[in-house]
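Input: one structure, supplied below.
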Amino acid sequence: MEKTSFSHDTNKVFLIAGMQWGDEGKGKAVVTFSEKVDIVAKYNGGHNAGHEIILNGQQYKLHLIPGGVMHPHVINVLGHGMVIHLESLLKEMEILTQHGIEVLERLRISDRAHILLNAHVDIDRKMEHRRMSGGGKIGTTLRGIGPCYSTKSARTGIRMGDLLHWEHFSKKVRDFYKIHCDFENFEELAQEEVENHKKLYDIFAKCICDTGYFMSESIKAGKKILLEGSNGSLLDIDMGTYPFVTSSTTLACGAYLGLGVPLNAPIYRIGILKCYQTRVGMGPFPTEFFDDNYTHIQKDGTEIGVSTARVRRCGWLDLVAARYIQRLNCFNSIYFTKMDVLTGLKEIKICIDYRNKVDGTILERGRFPSTIASLEEYEPVYQSFAGWDQDISQISEYNELPETARKYIEFVEKEVGAHFQWVGVGQDVKSIIVRS
């Protein structure tokens, strides 16, 4: 295992991405690392994803706005790989402003990012209702993300740059409703959408720019830049647990695709891995449990979705999935989060392999089943570890952790094959252990 420790001085452009089904603790990591950067840029997703951040005892919830907004010197970029519901962006911005956090002057929105219309939300609800009646519910957040990416691929979507040419934008909105909305009053709804976006245009027009060029020039100028991924790698549209995935590229390569970062840019990649597994909504979950361990993890980990308020499903850490995601992303270092949540468990299990239920063969390490049907052919193989009772939330030195906690961390580190440089031991952004 190569040990390449991260340094703000050496690694001026770096990336943070989740290694599971989201909710790994990326928001806390972004706020921690963005204190010393000039720019934080998001490259995928929309207001379906959420970060819950606790800074100096105050709780903040972010969906569209990058975590760098918590630091007054940081420019925050929404890249062209995102789909942006401007009304939700405004609401989020207003809440931050109430807490004394200025956003607008430090916000850059890609002119190539797609606008998520209210029509996309209506389409999403109708599609999920049809799937539910057919027994094929996906568990979408019902925020229009999938339909917006769909119209992007169908080349009927509307981009931020269109908003800067008002007559052109108004026509595109009306054409969009005519093509995609089977409502009797679609013309009236289209007009409402246009009028709503006129107000939003007045607020956000000055933020819309060529962010790809901005990013390239910033890299050339030697700016310190954090690239922020939404959702988690197991939700990637191509490599995740399809169809129970999101509609964008959530892997590290998405930073190049969704921000226009030059392909020769030296990006240091940081993976965020939670010490247990969680999932929101439908989809396969091989290591899920329903016993007292669930009660402990769900309660102590506050495992409730930031965007949907849905209670998260919980399970043991899945190393089959983690090794697979590490193979795809090649993270240089990993931030291992929420170790404090495991405190009090007598026994902690880790899934180390998948075993075929019929012939007992073990799935090759680094692989992950490509379909739900093939995944169901396997069962998890567990290895057990002793737990600990000591409160670790105030510990700042690695060697002060209980020996059993260190054994757990070091086993996972060896199996994943990347340096675990940071360990999260509490909710606050300052509750972190840095390993040499």
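Yeah, the Cβs are placed from backbone N, Cα and C, and that goes for glycine too.
Sharing the features that Swiss-Prot gives for it:
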BINDING   22-28, 50-52, ARG312, 338-340, 424-426  GTP binding site
ACT_SITE  ASP23  active site, proton acceptor
BINDING   ASP23, GLU24, GLY25, LYS26, ASN48, ALA49, GLY50, HIS51, THR141, ARG155, ASN231, THR246, ARG310  IMP binding site
BINDING   ASP23, GLY50  Mg(2+) binding site
ACT_SITE  HIS51  active site, proton donor
BINDING   VAL306, SER307, THR308, ALA309, ARG310, VAL311, ARG312  substrate binding site
Do you know offhand how many angstrom separate THR141 (IMP binding site) and ARG312 (substrate binding site) by C-alpha?
13
Look up the residue listed as 'active site, proton donor' in the DSSP assignment and reduce it to helix, strand or coil.
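Note: the residue listed as 'active site, proton donor' is in a strand by DSSP.
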With ARG312 (substrate binding site) as the reference Cα, tell me which of the recorded positions GLY22, GLY50, HIS51, GLU52, MET339 is the closest one.
GLY22
Closest to GLY25 (GTP binding site): which of the recorded positions ASN48, HIS51, ASN231, ALA309, going by Cα position?
HIS51
Taking each of GLY22, ASP23, GLU52 in turn, which of these recorded positions have a Cα lying within 10 angstroms of the Cα of ASN231 (IMP binding site)?
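For ASN231 (IMP binding site), the recorded positions whose Cα atoms are within 10 Å come to GLY22, ASP23.
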Just to verify: the residue among ALA309, VAL425 with the fewest other Cβ atoms within 10 Å, which of the binding-site residues is it?
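Counting other Cβ atoms within 10 Å of each of the binding-site residues ALA309, VAL425, the minimum falls on ALA309.
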Given the IMP binding site residues ASP23, GLU24, GLY25, LYS26, ASN48, ALA49, GLY50, HIS51, THR141, ARG155, ASN231, THR246, ARG310 in the record, what is the largest Cα to Cα distance, rounded to whole Å?
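Greatest Cα separation within the listed binding residues comes to 34 Å.
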Would you please pick out, from the binding-site residues ASN48, THR141, ASN231, the one with the fewest other Cβ atoms within 10 Å of its Cβ?
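THR141, out of the binding-site residues ASN48, THR141, ASN231, has the fewest neighbouring Cβ atoms within 10 Å.
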For VAL311 (substrate binding site), what is the secondary structure by DSSP, using just helix, strand and coil?
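For VAL311 (substrate binding site) - judged by DSSP and reduced to three states - the answer is strand.
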Please list residues from the chain of VAL306 (substrate binding site) whose Cβ is under 8 angstroms from its Cβ, counting only those at least six apart in sequence.
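In sequence order, the residues whose Cβ lies under 8 Å from that of VAL306 (substrate binding site) (at least 6 apart) are ASP23, GLY50, HIS51, GLU52, LYS61, HIS63.
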Whose Cβ, among the binding-site residues GLY22, GLY25, GLY50, has more other Cβ atoms within 10 Å than any of the rest?
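Buried the deepest by this measure is GLY22.
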Under DSSP, is GLY22 (GTP binding site) part of a helix or a strand, or is it coil?
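For GLY22 (GTP binding site) - judged by DSSP and reduced to three states - the answer is coil.
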Need the DSSP three-state call for VAL306 (substrate binding site) to compare against my parser.
coil
Across all protein chains in the structure, which of the recorded positions ASP23, GLU52 has the highest Cβ count within 10 Å?
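Top count of Cβ atoms within 10 Å goes to ASP23.
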